[in-house]
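Taken from Swiss-Prot as is:
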- 10: active site (ACT_SITE)
- 95, 96, 97, 98, 99, 100, 101, 102, 103, 104, 105: ATP binding site (BINDING)
- 136: active site (ACT_SITE)
- 286-305: region 'Disordered' (REGION)
- 290-305: compositional bias 'Low complexity' (COMPBIAS)
């Protein structure tokens, strides 16, 4: 049996971060939205017992058991007693380690495919597996615009009109940011202050965009401020970093305005290792079979590191 789906990228239009908790995690309140940009994920289920394999053509460093997609398949097999071979093939379009959720989305795509292949209808169990794999994975089981709270596992659907974006991703190891680093920088910058998370709001406007991780990350990675300036200079109504970065993005009034800005910025950064993409937020990617996880799932998770 072979199944295929799209694993959409995401951006955090809003990311508010609380103080560290006793368990080492940070509580968040984040407005996450999927994009019309995504990876293609193929999952093949064999008839005989055997291993999980994972290949990412053109990106051999992503092959194998350490890929989140492979981990998701292994946890699915353990939870539901599956022994048959599972082959995963991922055609990557989402930049890697970019704050766009590519790895988490691939993992959720595999879970969606396997749930269909084996007729699994236990949504709570699937959400628990997703949370074991990573904090962002439950969001991608839907996925649709949602407020993510707790560690990211408590999801509340959100009304987000289509937003026309330009994504700017610096493909430079010197600008890479691990999520754990970003949270540590934020904690250090607060100097012991423990701010409360602001409430959710009913409808998104660009003026509400914001990311608590951005100020400390800009201090540690100053070139990101230059990229944000390019977006503002080309008419972005808001420009922020997505997640823990290093991708930054701007919102624009229309798809045409975003496309023009993307072309101009691409010309301005042609001599640098920078990827520029125009994208639009969606209520649901047409290539995704929906699977909404419950509001919460009680399960261990992986810490941000």
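Backbone N, Cα and C define each Cβ position, glycine as well.
Locations of recorded Swiss-Prot features on the structure.
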{"residue": "10", "record": "active site", "DSSP class": "strand"}
{"residue": "95", "record": "ATP binding site", "DSSP class": "coil"}
{"residue": "101", "record": "ATP binding site", "DSSP class": "coil"}
{"residue": "136", "record": "active site", "DSSP class": "coil"}
Task: C-beta crowding around residue 105 (ATP binding site), within 10 angstroms - done: 31
Open item on the list: Taking only C-alpha atoms and a 10 A limit, tell me which of 95, 97, 105 are near residue 136 (active site). These are the binding-site residues.
Closed with: 105
Task: CB contacts for residue 97 (ATP binding site) [other CB atoms within 10 A, all chains] - done: 18
Task: Any further residue of that chain within 8 Å (Cβ to the Cβ centroid of 95, 96, 97, 98, 99, 100, 101, 102, 103, 104, 105) of the recorded ATP site - done: 9, 94
- [ ] Looking only at C-alpha atoms, tell me how far residue 103 (ATP binding site) is from residue 10 (active site), rounded to the nearest Å.
- [x] 11
- [ ] In whole Å, note down how far the CA of residue 10 (active site) lies from the CA of residue 99 (ATP binding site).
- [x] 8
Task: Candidate binding-site residues 95, 97, 101, 105, pick with smallest Cα gap to residue 10 (active site) - done: 101
Open item on the list: Same chain only, sequence gap of 6 or more: which residues have a CB within under 8 Å of the CB of residue 101 (ATP binding site)?
Closed with: 9, 10, 32, 94, 136, 139, 140, 243
